[in-house]
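S.K.: This is the structure I want to talk about, given as structure tokens.
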Amino acid sequence: MNAAVIDSHSAQDYVVADIALAGWGRKELNIAETEMPGLVQIRDEYKAQQPLKGARIAGSLHMTIQTGVLIETLKALGADVRWASCNIFSTQDHAAAAIVEAGTPVFAFKGESLDEYWEFSHRIFEWPNGEFANMILDDGGDATLLLILGSKAEKDRSVIARPTNEEEVALFKSIERHLEIDGSWYSKRLAHIKGVTEETTTGVHRLYQMEKDGRLPFPAFNVNDSVTKSKFDNLYGCRESLVDGIKRATDVMIAGKIAVVAGYGDVGKGCAQSLRGLGATVWVTEIDPICALQAAMEGYRVVTMEYAADKADIFVTATGNYHVINHDHMKAMRHNAIVCNIGHFDSEIDVASTRQYQWENIKPQVDHIIFPDGKRVILLAEGRLVNLGCATGHPSFVMSNSFTNQTLAQIELFTRGGEYANKVYVLPKHLDEKVARLHLARIGAQLSELSDDQAAYIGVSKAGPFKPDHYRY
């Protein structure tokens, strides 16, 4: 988008598709707030205390309407915020415009190039008046990776010398460009970061790997593994948003089709439920025997991708892994098979291997890959998140669960960060239960209460927590 590229070098401290969309975005933000009781009640509870006063949060998370409510909650609690999307296709342009109009710098529009994506990821760390971000709110770990990898490159350029994919080409080029301007750009910013709160499975995996290797430079909160995130956002959110994305993109009738879900974690479970609910015959591929047994006990047929490739109609990857659907799988697929991904990164499908063939764009984020024999495979969102690339992501209510956890984690880390070592932490059980409590009334749920004798009998407080940390919900 030429206008956005021009704006990124102008005096305006934001980059959005069209600021005129702000009015529409504000109307949708107002509607979303009615479905996000956790965030609204957290605002009411903490606003007078201003626990985030002095926090300068660099946010990298899908710039949707629901994220707009999160941003305005963080600001209501005292934070200054700069924001970019964590995916090139996930921004809702009217949401970005509304947040900018309200005074928050946003650098995001739907359909960014990879070069623009990494430029915008830098912009969230470029604070005015010589200040620096002191907190990161991340989804997928790209903002965290940027500072850490850039700091390493200051000392050893070889770490950005050999890109292995087009994403790394853009990232490494962006780091090189910033180092040419300021050789300590990254380390100066890294030194001010008190900690990060991470939203999703993929980013959490990166953090645990850094902790294991002794390379984690600040404390981190794993928001993803809060029960009220992973068992709600990942499961119930995907249960609604996956089929929304597929149907908006293709208008296909799901009933009667064979659908393959690769991965049967929380995300895969939600995907399988939704596809079966619309009448598909659902097959599951798994590498974990426990998850495979769960799928089989739920009535799904557990197969390999090699077996399913030439038989199924719809393929969904939900593993967080690499090349789960490869070139040979796609070559074997039926004419007009639909292929999509709902994991965070685009590496689950080997999209790069299909660039050798003719591509025909049908509409934004919907492409035909035309094989030499004339067969066509329908690829959605270029292998990136289908629910955000081809639809609008999860519903507001379930995102209120996730974002209430994010807000509480930001408060905890900003106000008590000095008490934490450079390790990965999960929010305590009483806060997980608090997040759930904040959402019960909105859906008419009435909570029973233990008597004194009952509480004593099972050895818990009447106010909770009710389960040990190792309990599996």
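Residue positions begin at 1 at the first shown residue.
Each residue, glycine too, has its Cβ placed from N, Cα and C.
Take a look at what Swiss-Prot says about it:
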| type | residues | note |
| --- | --- | --- |
| BINDING | T64, D139, E199, K229, D233 | substrate binding site |
| BINDING | 200-202, N234, 263-268, E286, N321, 342-344, N387 | NAD(+) binding site |
S.K.: Just name the most isolated of the binding-site residues K229, H344, going by other Cβ atoms within 10 Å of its Cβ.
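M.R.: The binding-site residues K229, H344 were compared, and H344 has the fewest Cβ atoms within 10 Å.
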S.K.: According to DSSP, does E286 (NAD(+) binding site) sit in a helix, a strand, or coil?
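M.R.: DSSP assigns E286 (NAD(+) binding site) to coil.
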S.K.: Do me a favour and check the Cα-Cα span between G265 (NAD(+) binding site) and D139 (substrate binding site); whole Å is fine.
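M.R.: Cα to Cα, G265 (NAD(+) binding site) and D139 (substrate binding site) are separated by 18 Å.
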S.K.: Going by C-alpha positions, which of the binding-site residues (V267, E286, H344) is nearest E199 (substrate binding site)?
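M.R.: Closest by Cα distance to E199 (substrate binding site) among the binding-site residues V267, E286, H344: H344.
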S.K.: Specify the count of other C-beta atoms within 10 Å of the C-beta of E199 (substrate binding site).
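M.R.: A count of 27.
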S.K.: Of the binding-site residues D139, K229, D233, which one has its Cα closest to the Cα of T202 (NAD(+) binding site)?
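M.R.: Of all the candidates listed, D139 is nearest in space.
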S.K.: Which residue, out of the binding-site residues T64, T200, T202, shows the minimum number of other Cβ atoms inside 10 Å of its Cβ in this structure?
M.R.: T202
S.K.: With the substrate site defined by the record as T64, D139, E199, K229, D233, how many Å span the farthest pair of C-alpha atoms?
M.R.: 17
S.K.: Show which residues of the chain containing E286 (NAD(+) binding site), separated from it by at least 6 in sequence, have their CB under 8 Å from its CB.
M.R.: G263, Y264, A292, A295, V302
S.K.: Restricting to the same chain and to sequence separations of six or more, state which residues have a Cβ under 8 Å from that of V267 (NAD(+) binding site).
M.R.: T201, N234, L235, C238, A318, I342, G343
S.K.: For G265 (NAD(+) binding site), what is the tally of other C-beta atoms lying within 10 angstroms of its C-beta?
M.R.: 20
S.K.: Which whole-number value in Å describes the distance between the Cα atoms of T200 (NAD(+) binding site) and D233 (substrate binding site)?
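M.R.: Answer for this pair: 10 Å between alpha carbons.
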